[in-house]
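K.L.:
First the structure, then my questions, so here it is.
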Amino acid sequence: MEPERKGLSLASSSDGDGREENKLKQGISQDLASSSRLDRYKIARQLTEKAIKEKKIFSIYGHYPVVRAALRRKGWVEKKFHFLPKVIPDVEDEGARVNDDTCAKVKENQEMALEKTDNIHDVMSRLVKNEMPYLLWTIKRDIIDYHSLTYDQMLNHYAKTASFTTKIGLCVNMRSLPWYVPANPDSFFPRCYSLCTESEQQEFLEDFRRTMASSILKWVVSHQSCSRSSRSKPRDQREEAGSSDLSSRQDAENAEAKLRGLPGQLVDIACKVCQAYLGQLEHEDIDTSADAVEDLTEAEWEDLTQQYYSLVHGDAFISNSRNYFSQCQALLNRITSVNPQTDIDGLRNIWIIKPAAKSRGRDIVCMDRVEEILELAAADHPLSRDNKWVVQKYIETPLLICDTKFDIRQWFLVTDWNPLTIWFYKESYLRFSTQRFSLDKLDSAIHLCNNAVQKYLKNDVGRSPLLPAHNMWTSTRFQEYLQRQGRGAVWGSVIYPSMKKAIAHAMKVAQDHVEPRKNSFELYGADFVLGRDFRPWLIEINSSPTMHPSTPVTAQLCAQVQEDTIKVAVDRSCDIGNFELLWRQPVVEPPPFSGSDLCVAGVSVRRARRQVLPVCNLKASASLLDAQPLKARGPSAMPDPAQGPPSPALQRDLGLKEEKGLPLALLAPLRGAAESGGAAQPTRTKAAGKVELPACPCRHVDSQAPNTGVPVAQPAKSWDPNQLNAHPLEPVLRGLKTAEGALRPPPGGKGEGTVCSRLPHHGHHVAACQTTGTTWDGGPGVCFLRQLLASELPMGPGLPRDPRAPPCLVCRGLLPPAGPCKRCRSFCAAVLQGASFVRLGGRSCSPRTP
């Protein structure tokens with residue numbers, strides 16, 4: 001028993017030593033890990049501070065690993081919004097428990113996730129989480145609020161680029177090309193129409209019918225050319241053919257005998273349509289009336305269309321077509337000289353129908369029957385049909401490589417729109433179809449070369465083995481192919497410069513529609529299809545072209561073009577990679593600002609204002625200054641209560657007409673006790689040593705405001721004309737420079753104004769001033785404070801008298817030769833007449849009292 005216990009004790013001691021050693025090793029490793037983390041954190045902090053100082057902070061939305069790696073190599077720090085991986089949420093259902101093992105596993109997964117993300121770039125990203133990114137690289141522009149960006153922030157997109165990045169926008173913009181550059185869009189862009197409006201549908205229908213007529217002429221020429229070429233073979237070659245050619249000829253003759261023969265009238269109608277088309281191009285239809293034009297009816301067009309379908313699909317033939325060969329050949333030569341798209345039209349009249357604003361080959365179909373195309377456009381709901389379908393002429397004679405259709409993806413970069421700056425990429429790649437080319441089938445697998453469509457299809461068994469299995473070539477590989485075919489110079493002389501010219505033309509037209517934001521750039525991808533003559537035809541322009549490395553070709557070129565884009569748009573150094581400057585618009589210098597020449601410097605002259613005391617005191621409202629001349633005279637005047645009712649002469653004076661040209665008008669109906677049937681009794685109140693009467697209500701001529709009181713000074717019953725003093729007029733005129741209708745406060749007045757006006761009448765200027773003083777209350781009638789004229793007021797002895805003297809201002813009675821009005825004696829004013837100033841009421845300019 002003892003040895004066993006001893007062995008157990010030794011074993012336990014050895015196990016304890018091993019545990020201590022393991023703990024020691026774990027502690028050392030943890031210290032090393034903590035020290036390495038600390039050093040890594042210091043380095044990350046230093047690099048982050050440098051990046052913040054140099055404004056090298058970027059954010060990426062989308063799958064752009066090449067851009068991220070390239071920017072990090074250049075010292076940029078990425079600001080991530082969600083950089084931690086998702087972990088299992090700690091959620092417990094009601095009544096359920098999570099055991100310790102599950103909690104331990106969740107904690108371990110969280111620690112492993114933190115360790116995986118604990119690299120230097122993630123540390124730097126956490127340090128700049130509160131900083132503003134100065135470069136935003138997104139897959140779509142709508143993700144970023146375009147107008148909230150600062151001037152220092154760069155974005156890889158422009159706003160309002162739908163004018164050339166959508167099919168409908170490019171279709172409409174290309175029609176305006178002749179207004180910007182001397183070029184014909186039909187020479188590089190297949191004609192295109194929108195099926196959303198009736199006018200566009202009618203234009204498409206006319207184009208389809210013209211193309212149908214020219215296709216009939218092509219059929220006649222091609223059919224006779226084939227028969228002549230077969231007959232022009234040497235005799236020995238025909239003999240070598242033997243019975244095989246004889247049997248094939250007999251089969252063709254038997255097949256032709258079974259076909260439906262079409263009359264030669266079909267060719268005559270086609271020639272007539274083509275001649276009318278040429279006449280329109282040469283403007284021969286201007287001098288021809290609309291009635292003289294013999295156009296086909298809809299029934300005739302329908303019959304011609306059905307015969308054309310039978311002809312091009314091999315169900316019919318024209319028996320005596322050889323008789324029309326020379327005529328058709330001459331017309332085709334004329335059409336080719338004016339229509340550069342005659343070669344790509346072919347015989348089948350195939351059109352490609354595309355959605356107006358979709359990409360990657362979605363919902364694209366090819367059709368060769370006009371009724372089916374119009375039915376497709378009419379099938380949609382009218383409210384959702386706006387700008388949905390675009391129909392474009394399909395290139396029926398493309399350049400083929402090993403009987404397979406292909407297109408070219410070409411990149412270009414725009415770094416500024418004002419002035420327009422375009423960079424063209426030297427490298428491009430070709431995309432092949434998986435099927436052999438044929439016009440007998442209108443399947444999208446044959447006629448669409450988009451990788452988004454072809455990647456789901458298998459290559460045709462009968463396709464040439466020279467073509468790559470991944471269906472892509474680089475432009476360098478294509479140039480080698482052309483060199484082997486003996487056409488090596490075509491790339492540099494025709495294809496490459498024509499693509500550059502097409503891109504430049506498209507951007508010049510779209511320049512006015514794009515929002516030209518500084519510190520922005522965008523990479524675009526243009527698709528071209530080559531014709532048999534190696535001329536490139538622009539199909540569409542794509543924004544945000546795919547950079548996915550789907551094939552070895554795209555893995556190489558897409559990474560290369562992204563790095564070169566950063567060199568041109570971000571670094572702006574001398575190294576621009578494979579980009580070359582395609583077009584830089586000349587900078588238009590703004591005109592020099594000449595606003596300083598219009599400035600006037602100096603100090604205005606200040607003139608001393610003389611304070612002129614008012615002559616008479618009449619309380620009035622400021623609104624009376626804007627009154628217009630009266631159109632109707634009041635029924636009664638203001639009588640003196642102490643003298644009784646007005647005399648008959650006063651009643652006669654009320655009928656006098658009002659003179660014109662007086663700028664002041666005061667009309668106020670007097671509502672007194674006499675209006676209600678009683679006699680008007682003046683109410684006298686003593687306040688501050690003055691006698692005040694109830695105010696006379698006055699009303700503005702054109703306003704509907706309630707009546708306001710107008711205090712009028714009450715003159716004394718006796719007036720001594722000898723007390724009038726005459727003064728020279730010149731010193732007074734220098735002081736009376738108040739604008740007509742101006743309001744200035746009287747000296748010593750509080751809150752009440754003085755109304756001053758100069759009233760022109762018969763060469764005189766009268767200044768009337770109204771201040772606070774006494775108020776009065778008149779009897780029934782209207783108080784007319786209409787006109788203030790020199791001839792209406794009492795004059796001093798020896799002063800001349802105007803023979804055309806108007807009546808009194810108050811009672812409208814005629815004034816005496818000198819002195820105040822004898823009827824009412826209720827007005828006192830300053831009179832300016834001739835060269836003298838007559839002051840009434842004594843030196844204090846106040847009304848006299850008895």
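Our numbering is plain: 1 for the first residue shown, then up by one each step along the chain.
Every residue, even glycine, has its Cβ placed from backbone N, Cα and C.
Sharing the feature lines straight out of Swiss-Prot:
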type    : residues                                                                                               : note
REGION  : 1-29                                                                                                   : region 'Disordered'
DOMAIN  : 222-580                                                                                                : domain 'TTL'
REGION  : 228-254                                                                                                : region 'Disordered'
BINDING : Lys354, Arg360, Gly361, Gln392, Lys393, Tyr394, Ile395, Lys405, Phe406, Asp407, Cys449, Asn450, Glu540 : ATP binding site
BINDING : Arg360                                                                                                 : protein binding site
BINDING : Asp527, Glu540                                                                                         : Mg(2+) 1 binding site
BINDING : Glu540, Asn542                                                                                         : Mg(2+) 2 binding site
REGION  : 627-652                                                                                                : region 'Disordered'
K.L.:
In angstrom units, rounded to an integer, how far apart are the Cα atoms of Asn542 (Mg(2+) 2 binding site) and Phe406 (ATP binding site)?
P.N.:
17
K.L.:
Let me check the 10 A CB neighbour count of Asp527 (Mg(2+) 1 binding site). How many other CB atoms are there?
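P.N.:
Here the count is 19.
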K.L.:
Is any of the binding-site residues Lys354, Ile395, Glu540 within 10 Å of Asp527 (Mg(2+) 1 binding site) (Cα-Cα), and if so, which, in sequence order?
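P.N.:
Of everything listed, what lies within 10 Å of Asp527 (Mg(2+) 1 binding site) (Cα to Cα) is Glu540.
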K.L.:
Report the mean pLDDT of the predicted model across the domain 'TTL' (222-580), rounded to a whole number.
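P.N.:
Value for the domain 'TTL' (222-580), mean pLDDT as a whole number: 85.
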K.L.:
Sequence gap of 6 or more, Cβ distance under 8 Å: name the residues on the same chain that satisfy this around Phe406 (ATP binding site), in order along the sequence.
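P.N.:
Listed in sequence order, they are Leu399, Leu400, Leu430, Arg431, Phe432, Ser433, Cys449, Trp473.
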K.L.:
Lys393 (ATP binding site) has how many other Cβ neighbours within 10 Å of its own Cβ?
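P.N.:
Its Cβ has 24 other Cβ atoms within 10 Å.
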